[in-house]
Amino acid sequence: MNHSTSDQSLYLESEEGDDERKNLSDHEDDDGSLSDSSHDAYNQNHHDHHSKASPYSTAWPKSYRQSIDLYGSLPSPNLGFLANSSMSRLGSSFLSSTMTRRHTPETLPCTVTKPLLEDDEEAPKHKRSSHFLLPSKPSSMVSHEMAISKDSSFGQAVLNGVNVLCGVGILSTPYAVKEGGWLGLFILFAFGILCFYTGLLLRYCLDSHPDIQTYPDIGHAAFGSFGRILVSIILYLELYAMSVEYIILESDNLSSMFPNASLSIGGLQLDAPHLFALLTTLAVLPTVWLRDLSMLSYISVGGVIASVLVVLCLFWIGLVDDVGIHSKGTPLNLATLPVSVGLYGYCYSGHGVFPNIYTSMAKPSQFPAVLLTCFGICTLMYAGVAVMGYSMFGELTESQFTLNMPQDLVASKIALWTTVVNPFTKYALTISPVAMSLEELIPSNHGKSRFYAIAIRSALVFSTLLVGLAIPFFGLVMSLIGSFLTMLITLILPPACFLSIVRSKVTPTQVMVCILIMIVGAVCSAIGTYSALAKIIEKLNT
């Protein structure tokens, strides 16, 4: 599908002067002097913000906000208890604002026509209000946009946060207890507290300047272009690795339900795990080619429902059906405790989306309460599943507790099929941010060809298949992701960026707390990564 030159990018521009919110004081500051200082910084930088283009909106990846809105935001069902604003064509975080209600220029390319790092001076000189919808695009133009309320309510923000935090990681929490023992659960609660605090640090970074609206923006503000690219690459690697996990998950669960499935193609014999991994890849491939993922975004709302349903099935099997609770378990297992560290860390990998959730809120002052609610709900679910699953299956606990469920029970079938169906709606949303970032790097003279986008997306999908077949160890791969990537995103980078951006306002106590968190994150990352890699190599050699 060809795109005209005028359709290569989409500009959201702000209006000077008159469109500034008059009720700025209505947003109460619950967090003391740092929030007050952010308002001062906004006022001081307001004139510069309108005089030239922000480097945050012109540097790679420009598609981050758009793609993460698709990945991490639930479309508003326009129900009173979730949101009360009208539906718009654009993503919630696109048009919405932060505590200072800022409206900044934003460029959303379908294919990029500018270099990776650009001159800050290139800016549109005539600005129009972002409150007005942009001119409609030709009918042949298919975009990544979806309809989300631009001012999400407290309830919708909580749903967004829970949807991001409570993913496939919940399947492995019983396995994490098996690897680390009962006392290892303290690591889960400790990570929950630390990640909640670092989520608040991201808020302070966002409030420090009106143009900072995403995690890559924070990296840019803290460490320049290098910081932006580093943060972006880490976030995209995590999303790519999650896509690999989906392939492994489908292969494991489908082959457990149909263990005798096989296929012979020529001289190539595919057993059940390889066959279902290939079939899963072929099934999700067309969804990745879609340019409009709004339908998948609506379906992915079921991610929260799916997680709750699987948890209820586990408890039903343990408390009502014949499985019961048989194992007392091990208090502490030091030998494999580092593996559980990575698994627990993976459970809180939502920081890449938190800035988008914050900037989409109608009342940003409620963000700490949203974070607290999200972390509270998810931690209780993680802990409940961990205790129940390990108590039921003991040392036989698999990397996904669904593999331990007796398949003759109705609740087991519901849990298995829910686990199988859910990734089909999430795979495209997870890999699309990676694909869109790569599409930005296509030279402008090739930007009109749809072939390049399809080729990039297809290559990404089949590469996740190859990686999944090469390292088909769901729990160990999750531990590696949690140790290496999630620790960076949740425990190391937020305090580092906070100290760099807000350094003139940081108290000695905050400095000490941030340094302590970074040390904890670095130690856990090093130990967990080494342990996961050693286990993977050991299994590959056996």
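Every residue gets a Cβ built from N, Cα and C, even glycine.
Residues or ranges marked as region 'Disordered' in TrEMBL: 1-58, 98-130. Positions annotated as compositional bias 'Polar residues' by TrEMBL: 1-11. Per TrEMBL, the feature domain 'Amino acid transporter transmembrane' maps to 151-532. What TrEMBL records for 183-206, 226-249, 272-290, 297-319, 339-358, 370-394, 450-474, 480-499, 511-533 is transmembrane segment.
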Chain residues in Cβ proximity to the transmembrane segment (511-533) (below 8 Å; excluding those fewer than six residues from its ends, i.e. six or more beyond): 194, 197-198, 201, 336, 338-339, 341-342, 345, 476-477, 479-480, 482-484, 487-488, 490-492, 495-496, 498-499
Beyond the flanks of the transmembrane segment (183-206) by at least 6 residues, Cβ under 8 Å: 31, 34-35, 38, 98, 173, 176-177, 212-213, 215, 217-218, 221-222, 331-333, 337, 340-341, 344-345, 347-348, 350-351, 354-355, 358-359, 367-368, 371-372, 375, 378-379, 382-383, 386-387, 490-491, 494-495, 497-498, 501-502, 513-514, 517, 520-521
When counting Cβ pairs under 8 Å to the transmembrane segment (272-290), the leader among 370-394, 450-474, 480-499: 450-474
Contacting positions for the transmembrane segment (450-474) when only residues 6+ beyond its ends and CB under 8 Å are counted: 1-3, 111, 172, 240, 243-249, 251-252, 273-274, 277-278, 281, 284-285, 288-289, 291, 399-400, 431, 434-435, 438-439, 442, 535-536, 539-540
Seg_contact(the transmembrane segment (370-394), the transmembrane segment (339-358)) with at least 3 CB pairs under 8 angstroms, min sep 6: yes
